[in-house]
Amino acid sequence: MRVLSAIALVASLVPSALSAPASESRVSTQLQSRDAAGYSSPPYYPAPNGGWLSSWADAYEKAQRVVRNMTLAEKVNLTTGTGIFMGPCVGQTGSALRFGIPNLCLQDSPLGVRNSDHNTAFPAGITVGATFDKDLMYARGVELGEEFRGKGINVFLGPSVGPIGRKPRGGRNWEGFGADPSLQAIGGAQTIKGIQSRGVIATIKHYIGNEQEMYRMSNIGQRAYSSNIDDRTLHELYLWPFAEGIRAGVGAVMTAYNEVNSSACSQNSKLLNEILKDELGFQGFVMTDWLGQYGGVSSALAGLDMAMPGDGAIPLLGNAYWGSELSHSILNGSVPVSRLNDMVTRIVATWYKMGQDGDFPLPNFSSNTQDATGPLYPGALFSPSGVVNQYVNVQADHNITARAIARDAITLLKNDDNILPLKRNDSLKVFGTDAGPNPDGLNSCADMGCNKGVLTMGWGSGTSRLPYLVTPQEAIANISSNAAFFITDNFPSNVAVSSGDVAVVFISADSGENYITVEGNPGDRTSAGLNAWHNGDKLVKDAAAKFSKVVVVVHTVGPILMEEWIDLPSVKAVLVAHLPGQEAGWSLTDVLFGDYSPSGHLPYTIPRAESDYPSSVGLLSQPIVQIQDTHTEGLYIDYRHFLKSSITPRYPFGHGLSYTTFSFSQPTLSVRTALDSAYPPTRPPKGPTPTYPTTIPNPSEVAWPKNFDRIWRYLYPYLDDPAGAAKNSSKTYPYPAGYTTVPKPAPRAGGAEGGNPALFDVAFAVSVTVTNTGTRPGRAVAQLYVELPDSLGETPSRQLRQFAKTKTLAPGASETLTMEFTRKDISVWDVVVQDWKAPVRGEGVKIWLGESVLDMRAVCEVGGACRVI
């Protein structure tokens, strides 16, 4: 039954996939690079080799010694997944057991081990972003790394920094950290450092421009949409968090399903070879998203290193673009041996870099079943069976961090008459199914593909099973003996109202990944729009008509419209609890009843109307014809657009109230590095890279081993007629336009992980003293925005570049926060010079400090003075 369900799921993926060519080693892909409405992805070949940075030298030396002695089959094995549902993890490579390299296990999700057991369901990325707390971002990464390692997972498929949140209705915005490149960059980098500190390879995704779910994948009748992005916008907005993730040493990058400038991300040589591997100096390996490979030779030449889960675009019969086809392409010369050597060296070097050649456990769980025993290869019709789940408990005390994140993310938008915090003896009437449990049971919806009970996370591959869930209903009942609960989305007609009652109304808004449609929403928020689900707006209005004191609690994936009820006199307070994970109830009551003061801040803007956004960020839907999603708004998404257009939102980016108040004083600005030139100093030269023989291997290296027991649909590197494959000539292969094997000169903007190391010289430091001027303890967030001079051309008037959060300050207590920012932080991308340009000596730069993008408390001018506003 488990096998049949797995096959059925595979079959369901077929309509959203391209037909695989009969022999990709000799047939050009359908998705070559070409112009779209003036946007293009110029070819960039060959793929740069990894290993030229000193920080990776030891790992590459070890990898070189191993790869030099590998057979062709062993090399191909490590670059190709074994097939969908063909192992315990959502993806696994083949192995090279002669060298101690096992099948590498790759597993979702960014908030916890997906489809597993005895794991922590942490708050989602958007919740982490709302904390504006770097320490919590890092701590979550550490504990995720511990749990993934404990389950025997080599590669953690996260964090997600794309989508960036360009489209407020976008289905997967909640997996990332917020609608700003610096917030995404800091959240992503801190997560990566934490995960990899535990020896697990992190994967930054989805590279790049995957800003809506609908039409993201190519299928038989329609190509995936093309995100058409100009060079400056790409660098300053969408690439920014990826660059910081690479600077943090991330081991893997996952490509997006969509195209960029009419070239599929998984075979876009401009994105992979030039920008990622050359300009940004990425030393790890590039993998596809699942079934996001659209060609074999073309993707290898364009810089792809690993195909996941290995299958071709129709994952039914065990066909693949790589696997045996890659062996074929090497033997006939279509793919140079040097390219395969670099592919596998990058993978093995990353394995060594994380120390996984030591005491690293094998997978002890199955993402295919919760049963103790079952098929070892569920995607095969006939599979050997055995123990697949050992139920290893990896939770430790991680619930403490999960609760702290969920609590510190809670964002107080409104608190008229200081109605919050509630008193324990207040008479409470609690409304809304979002306060209660899922009536069908915990984890009853696969990949959280429903919105029933309290909303803890969105849906899709970015989820994990809940080990337990404390609902708001349970937590409130545990604290208050004077609370009545109405777990319904229709306001009851028979509710008795007393003069001292406080109505607490729970509403939610959900979204997720495109392969699941929930209540008419195919991932993106199409049906519900930006409104609350389940009659939420009416529920608030009905409560406000009956009660004089209403508190609204919102669990949401992103911006939510509030105009129908936010100004009603009875609506006294609004809390956004985001997506809290397993500690939904306890984290909320910590704040609701005043044990902690709220310290979260909005990681996006809440508009007054959806029409406040630029029209270009709406969802696009067009059957059959390829969608051209042209980013005409350029750099101006979210708060940048609102500032440029002088639109006052309902609540601005960064907004968040407290139960206390804070003052900012004594701002100072100090110079750390003199910026004597507009462009960074000359980049350091590339170091040497591993070298190997480039002779085409003996065909016998991919012959089937004798007496080999094949598993149907398992993807192997072997060929039935390897000698025949070697006879084919590469001259007939239609290489992409611009293809060459002659290396390009090193780009001037490169030189290290993330780019020219001079870009990350600390240019200035700003300090400010924050004082608790209220009557309750609390934590404050100082947000640093830069305003660049007109000499650099048109730029957003304010751009978040740093933030810092105080410790808990008692009334009257102070803390001095210091924030550093780099040359790159005050630079723009020069599309002509192809480098980052800053104002000489930082002249004309203003640094704004505040508690939101519209609540500035101090300003400093480079070359001038600082003052309190």
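Glycine residues also receive a Cβ, built from the backbone N, Cα and C atoms like all the rest.
Feature annotation from Swiss-Prot assigns active site to D289. Other C-beta atoms found within 10 angstroms of the C-beta of D289 (active site) number 23, with every protein chain shown included. For the recorded site, D289 (active site), the DSSP three-state label reads coil.
If you look up Swiss-Prot, you'll see 681-691 marked as compositional bias 'Pro residues'.
Under the heading N-linked glycosylation site, Swiss-Prot lists N69 (among others), citing sequence analysis as support. Classification of N69 (N-linked glycosylation site) by DSSP places it in coil, neither helical nor stranded. Note on N69 (N-linked glycosylation site): other Cβ atoms within 10 Å of its Cβ, all shown chains, come to 11.
Residues or ranges marked as N-linked glycosylation site in Swiss-Prot (evidence: sequence analysis): N77 (among others). The Cβ neighbour count for N77 (N-linked glycosylation site), using a 10 Å radius and every protein chain shown, is 26.
The annotation N-linked glycosylation site is assigned in Swiss-Prot to N261 (among others).
When secondary structure is read from DSSP and collapsed to three states, N332 (N-linked glycosylation site) falls in the coil class. The N-linked glycosylation site annotation in Swiss-Prot covers N332 (among others) and rests on sequence analysis.
According to Swiss-Prot, the feature N-linked glycosylation site maps to N364 (among others), an assignment based on sequence analysis. In the three-state DSSP scheme, N364 (N-linked glycosylation site) falls into the coil class. Non-local neighbourhood of N364 (N-linked glycosylation site): K151, G152, N389, Q390, V392, each in the same chain, at least six residues away, with C-beta under 8 Å from its C-beta.
According to Swiss-Prot, the N-linked glycosylation site annotation covers N399 (among others). The Cβ of N399 (N-linked glycosylation site) has T120, Q582, E583 as same-chain neighbours under 8 Å, each 6 or more residues away in sequence.
Neighbour list (N425 (N-linked glycosylation site), Cβ cut-off 8 Å, at least 6 residues apart, same chain): S480, N482. Among the features that Swiss-Prot reports, N-linked glycosylation site is placed at N425 (among others), with the record citing sequence analysis.
Taken from Swiss-Prot, the feature N-linked glycosylation site applies to N478 (among others), supported by sequence analysis. Note: N478 (N-linked glycosylation site) has non-local neighbours T589, i.e. same-chain residues 6+ apart with C-beta under 8 A of its own C-beta.
Marked as N-linked glycosylation site by Swiss-Prot: N728 (among others).
The region 'Disordered' annotation in Swiss-Prot covers 678-698.
What Swiss-Prot records for 1-19 is signal peptide, and it gives sequence analysis as the kind of evidence.
Counting every protein chain shown, the number of other Cβ atoms lying within 10 Å of the Cβ of N332 (N-linked glycosylation site) is 23. In terms of C-alpha distance, the listed recorded positions N69, N261, D289, N332 place N69 closest to N77 (N-linked glycosylation site). With DSSP classes pooled into helix, strand and coil, the tally for the region 'Disordered' (678-698) is 0 helix, 0 strand, 21 coil. Here the candidates are the recorded positions N69, N261, D289, and by Cα distance the one nearest N332 (N-linked glycosylation site) turns out to be N69.
A gap of 40 Å separates the Cα atoms of N261 (N-linked glycosylation site) and N69 (N-linked glycosylation site).
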